[in-house]
Every structure is written in C-alpha cells, then in structure tokens.
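Q: So that we are looking at the same thing, I have put the structure below in structure tokens.
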Amino acid sequence: MPEGPQALQSPPATIFLLLISAAGLGPGCQALWVEWGPPSVTVSVGEEVRLQCTHNGSNTNVTWWHVLQSNSSWPPVMYRGDVGAGGELIIKPVNKTHRGMYRCQVSDGKKIQRSCGTYLRVRDPLPRPFLDMGEGTKNNIITAEGIILLICAVVPGTLLLFRKRWQNMKFGADIQDDYEDENLYEGLNLDDCSMYEDISRGLQGTYQDVGSLHIGDAQLEKP
C-alpha cells in the first residue's frame, strides 16, 4: 500500500489545466453584458422615475442617452441627469419634456455595451375623486344606507299599525254600545211616511199566504 504523501500527489498536467481554467474565468476574460431592461415605463407628471442599467462590469463608466420622441431617426443625445449607484438614472420631478427613449451605455476599458432602451411615457395625473375612499369603505357605506332606508320604511308603518290597533281596542267597545243604544226611529215623522210603510201596524203581517186558505174564506188585504 502506498504511503500517504505519495497518494496525495497530483500529476502536473492536472495542475496545469486548473491554472488555465482559472485564468480563463478571470475578470479580464469575462464578456461584458448589459440587461435589456423593461421596454417601457409610464409615470405621471410630477412623479419620480428610476431607470435601471444592470450590467456585470466591475470598473465601469455608465452614461445615458436620450432619443427624442419627435423623431427617432435623430442621433441620441447624452442625458446629463442624476445617475445613482450602479448606473441607475433618476429623474424627478418628471415632466412632458422627459418623454422618449433612454439607453444606457456601459464602458469597461475598451469594452462598450448598450441596452436596448426603455421608452418613458409621461401622462397627465389622474383626477382626484371627490371622495377618495377604498372599495371596502364604499361597500360599508352602501350597506349602512340600505339598513337606514329599511328602518325608515318599516318602523313608521309598524308604529301606525300598533297605534290603530290600540285605538280599536280602547274605543271599539264604547262605539259599539253607542250604536246599539241608538234609537233608529228617533226623529221619524210617521205622518210623512207612505201608506205602504205604515209602521203602526204592530205585529200584523204585511202579506197573507193565499195558498193555505180556502177560496171561499179568502180575505185579501186591500192596499
């Protein structure tokens, strides 16, 4: 069995290949690249916008170029704005003159890469609503209004029904007794009555049953 130090020895060819690989992957041999970025960004007048310029360079110089909106065939103009860490372009506050295409250029020594560009759209601010409330608050208000309307419609009618019932229970018996004690013939002048409506006959029947009488004994009442 070989000793320990002899077993840990590596062939020179393997060490040479590892050195070549490390040299090939060093910072100087890496290709510089820049991300495309979003195709467009929309903001309102007066807001702040931040355009990213993501790249893999270590010692780079980032510049931004602005392509005017009126004519894209014109050469881009260097935009001298506020550039943050990592080449981020900061525009605040935004106005309509900032519209157009923005491209970042990354320089690392002799290597230069550019992004595809991001178009900045600037629109007028949305009108502020009279009642700036959320949807949940609006739904709660509508529910409360419905409950209030239901109460306003049901409660008065219910109170009127109970009031009418209470009046009938309190005064119904007295009114009924008054109608029973009232003399229906009070104030009636018997002389002015028709002879067919003579109420002074007492219990005498108005008509006679001629079917139950004999013909000889029939005595019809004369009018």
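Placed from the backbone N, Cα and C atoms, the Cβ positions cover glycine too.
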Q: Choose one of CYS104, CYS116: the cysteine that Swiss-Prot connects to CYS53 by a disulfide bond.
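A: Its disulfide partner, as Swiss-Prot records it, is CYS104.
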Q: Starting from the Cβ of ASN95 (N-linked glycosylation site), draw a 10 Å sphere and report how many other Cβ atoms land inside it.
A: 10
Q: Helix, strand or coil: which one is ASN61 (N-linked glycosylation site) in, per DSSP?
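A: Strand, per DSSP.
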Q: At a C-beta cut-off of under 8 Å, are there same-chain residues at least 6 beyond the transmembrane segment (141-161) that contact it? List them, or none.
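A: Answer is 133.
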Q: Between ASN95 (N-linked glycosylation site) and ASN61 (N-linked glycosylation site), how many Å separate their Cα atoms?
A: 27
Q: Helix, strand or coil: which one is ASN95 (N-linked glycosylation site) in, per DSSP?
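A: For ASN95 (N-linked glycosylation site) - judged by DSSP and reduced to three states - the answer is coil.
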